[in-house]
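The annotation domain 'Amino acid transporter transmembrane' is assigned in TrEMBL to 3-409. What TrEMBL lists as transmembrane segment is 96-119, 125-147, 154-179, 214-232, 244-267, 287-306, 327-348, 354-379, 391-411.
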Amino acid sequence: MSNILMGVGMLCLPFAFAKSGFLGGVFAIVTFATICRMTSILIGRELNGDPRPLSYFADSPSNTHLSSGSDPSIRMRKTIRSFPDIAREAFGNTGAIVLGIVLYFELFSCLAIFIVSIGDHMHELIPSVSVQIHMIGFTVVSTLPVIVFRTAGLLSYLSLLGTISTICVVLAVVFSFLVEGDITVELASETDLDTLQDPNPHHQIWSAGGLNSAFALVAFCFSGHAIVPSIYNSMKNPSEFERVVDVSFMIVVASCLAIGISGYSMFGDFVLDQITLSLKQYSSAVFAMEILTWLMILTAFSKLALTMFPLAMGFEEIVAPYLSSDLAMFMVGAGIKIVLLFGALAVAIFVPSFSALCSMVGMVCTMTVSVIFPAAAYLKLFWPKLSLIERILYGMVVVVGIVMAVVGTALELS
């Protein structure tokens with residue numbers, strides 16, 4: 001689960017601190033991580049068919065021979081296996097359709113985010129070529145590999161490399177700060193900014209005006225809830241799921257705080273919206289930073305291909321009944337991937353800001369999938385068994401999530 005959450009979204013955390021200050025950044029990370037940890041556990045209980053902790057049930061939900069609700073020690077409802085099934089069980093087919101639209105929108109938006117990230121990093125390696133040309137070139141070159149990868153297993157090695165490179169980024173940011181310290185005075189002198197009036201003019205402790213942007217960027221980092229059912233179903237002992245969630249979020253929060261605080265402490269308000277770009281420009285370890293930049297390019301490509309897999313499969317399943325041969329299915333599948341890839345390229349060119357895209361996905365999709373939906377479904381499925389405190393708590397989560405999604409999106413668009 002840590003692997004899912006520790007993605008390219010972590011690159012923008014120092015930029016989130018630049019928007020909201022040290023305390024604002026820490027507040028956004030801890031608050032959103034606490035909510036997402038809670039909703040991850042709620043999803044596990046929804047899959048298990050009972051509002052009680054999963055550790056209460058020693059048996060595997062798929063092996064029980066007793067009917068739901070037949071005994072106090074038995075699950076209240078039948079077990080569920082997927083995210084759409086939760087939506088269908090709680091809100092009917094309409095709920096499943098709405099959730100599917102949001103999930104597909106999130107996946108498509110992530111394709112654009114990965115293309116922007118690759119274009120930015122390629123531009124750092126070859127600055128004589130514009131970011132837009134890099135994005136177009138990458139999209140053209142990656143078309144064939146994306147079409148060929150028809151199973152997620154073929155991308156397992158790239159996925160592992162992506163995880164390793166993300167860990168390397170965290171270590172690189174922390175190590176660079178420990179070695180070079182605060183370099184904002186040097187950066188200010190390069191831009192001819194006066195630093196004499198304020199002894200610490202390029203670091204903020206708290207900026208309430210930037211909290212919305214910080215929450216949006218942090219939200220994108222925790223946008224992995226759609227994969228929670230797959231993790232739950234793959235566990236040999238699902239009763240340990242909640243413990244796995246706790247450990248995973250501890251690791252991710254520690255990593256997020258480390259990269260956010262170290263990156264902002266080092267670069268201050270001069271930090272770019274991807275910390276690796278700042279490291280590449282100002283770090284003295286030029287060769288190491290070039291390797292790190294290539295690792296981030298491979299990470300973004302592996303994430304793009306893995307994201308394309310379920311997105312394209314969803315559309316392929318719609319047209320599959322109308323196709324009579326494997327060749328026709330392959331050709332149509334290839335066409336779908338090409339349209340999705342170049343559609344994402346168009347979005348990336350039209351909105352070439354990594355932080356802006358992350359903010360929009362964070363506010364619109366992550367708030368819906370990771371905050372609002374799990375709590376609302378939990379209330380709908382288990383309302384009779386919940387205490388008054390639980391009803392109020394999860395009801396507040398739904399209301400706060402809706403308000404943040406609506407208001408936050410409006411502020412980001414303005």
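Cβ from N, Cα, C; glycine included.
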**Request:** Counting only CB pairs under 8 A, let me know which of 125-147, 244-267, 287-306 has the most with the transmembrane segment (327-348).
**Result:** 125-147
**Prompt:** So which of 96-119, 125-147, 244-267, 287-306, 354-379 is most in touch with the transmembrane segment (391-411), counting Cβ pairs under 8 Å?
**Reply:** 354-379
**Message:** Short question: most Cβ pairs under 8 Å with the transmembrane segment (125-147), which of 96-119, 244-267, 287-306, 354-379?
**Reply:** 96-119
**Asked** Of the listed stretches (96-119, 244-267, 354-379), which one yields the highest count of Cβ-Cβ distances below 8 Å with the transmembrane segment (287-306)?
**Response** 96-119
